[in-house]
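Heads up, the thing below is written out as structure tokens.
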Amino acid sequence: MDKLTIKASNPLAGEVVISGAKNAALPILMAGVLAETDFIVSNVPSLRDVITSCELLRCLGAEVEDLGGSRIRISTTNLNEYCAPYDLVKTMRASILILGPLLARYGTADVSLPGGCAIGARPVNLHLHGLELMGAKIEVKEGYIKARVDGRLKGTHIFMDMVSVGATENLLMAAALADGTTVIENAAREPEVTDLAHCLIAMGAKITGIGTATLKIEGVERLSGCEYRVMPDRIETGSFLVAAAVTRGKIRCVSADPSALEAVLSKLEDAGAEITTGEDWIELDMKGQRPKSVNIKTAPYPAFPTDMQAQFCVLNALAEGTGRVTETIFENRFMHVPELIRMGADIEQEGNTCIIHGIDRLNGAQVMATDLRASASLVIAGLMAEGTTTVDRIYHLDRGYEHIEAKFQGLGAEVVRVK
């Protein structure tokens, strides 16, 4: 099993090209099921979860072709299976996003209950309740969600009991081919949801309220393929910016989207970073100074993203002063904390809050990645640790970061993959 070894770094310096967003690419690939003609997705990152999504589409009978240059073509002409099996779904929670498209276009879907990161229950009941309101008959049996609808799904009014990105995406895709108008209230506003909505519009969907908590979808008879470019990955961008801040460096992220990262950029400025942005780039300069501690509290977009929480734990662990990090989205999302403590970090956990007292340097150690973002935080920690840090179980990292060691090497870091 692959590992990463990281040695203490000089301040990171240079330019890094940001990949397409995993969390936008996955639902957009699933949306290919809705299209009656060829659908081409560009700026698709080369990641384990993307490979799994393509395998899932092939399993359903779709034709999936890698066109090179981060472009994938999907054809559903021969799609003739409507079951997403356990052996694929167990490795990736986003597989649940095939449910809405299959049901909307074909009237039937069997989807294994999902797996993926071990960071809390993330219940699928919001997905199922919304589809039931649209007329689907659903039962959960033998580990599978079995959904059927006679004719087309029906437009309806859905109020989400809690903000859920995945449920919003599933219902948005289902509503695009429903009979009548669907209104989703308390919808997720994340940029990845907005990206999916723009993709559906390019396919012929009628959606208003994009970027707000109320989405209105007028169902159409059919959707057609198009070519759509996936948005830049805001979490990858934020991770590299934090790495530069921690190492007191200066980097520029290109092919990025500053507008999707405002809460993170604001906190980096609070930490002492000088931030400069253009239309598609972000530059961070620490002027050689140690970052200052910051308080963060995760919440749905446009507030601070839960997927940047672990990285800011590392920033606070190496900052001047004491910072508080509060997690409100997922339970069990501080699994990186014991590993950081093994590296010498001074962290106290009180429920869903960590109180982090900054120190000047960590110590290299052998640590274990427990989920995707935790693994990124451990790599960043290794950049400011005396000696060598080894991160095990980096298959988590490969689910969400494209060519991460090569990108760090390009910024001057000693990050090496060991087979």
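Keep in mind that glycine also has a Cβ here, set from the backbone N, Cα and C atoms.
DSSP classifies Asn23 (phosphoenolpyruvate binding site) as helix under the three-state reduction. Look at Swiss-Prot and you will find Lys22, Asn23 tagged as phosphoenolpyruvate binding site, backed by sequence analysis.
The UDP-N-acetyl-alpha-D-glucosamine binding site annotation in Swiss-Prot covers Arg93, Asp307, Ile329, and the record cites sequence analysis as its basis. In the three-state DSSP scheme, Asp307 (UDP-N-acetyl-alpha-D-glucosamine binding site) is classed as helix. Long-range Cβ neighbours of Asp307 (UDP-N-acetyl-alpha-D-glucosamine binding site) (same chain, at least 6 residues apart, Cβ-Cβ under 8 Å): Asn23, Ile235, Arg373.
The annotation 2-(S-cysteinyl)pyruvic acid O-phosphothioketal is assigned in Swiss-Prot to Cys117 on the grounds of sequence analysis.
Swiss-Prot lists Cys117 with the feature active site, proton donor.
Distance from the CA of Lys22 (phosphoenolpyruvate binding site) to the CA of Arg93 (UDP-N-acetyl-alpha-D-glucosamine binding site) is 13 Å. Just so you know, the Cβ of Asn23 (phosphoenolpyruvate binding site) picks up 24 other Cβ atoms within 10 Å once every protein chain is counted. Fewest other C-beta atoms within 10 angstroms, among the binding-site residues Lys22, Arg93, are seen around Arg93. On its own chain, Ile329 (UDP-N-acetyl-alpha-D-glucosamine binding site) has Thr298, Ala299, Pro300, Thr306 as residues at least 6 apart in sequence with a Cβ closer than 8 Å to its own Cβ.
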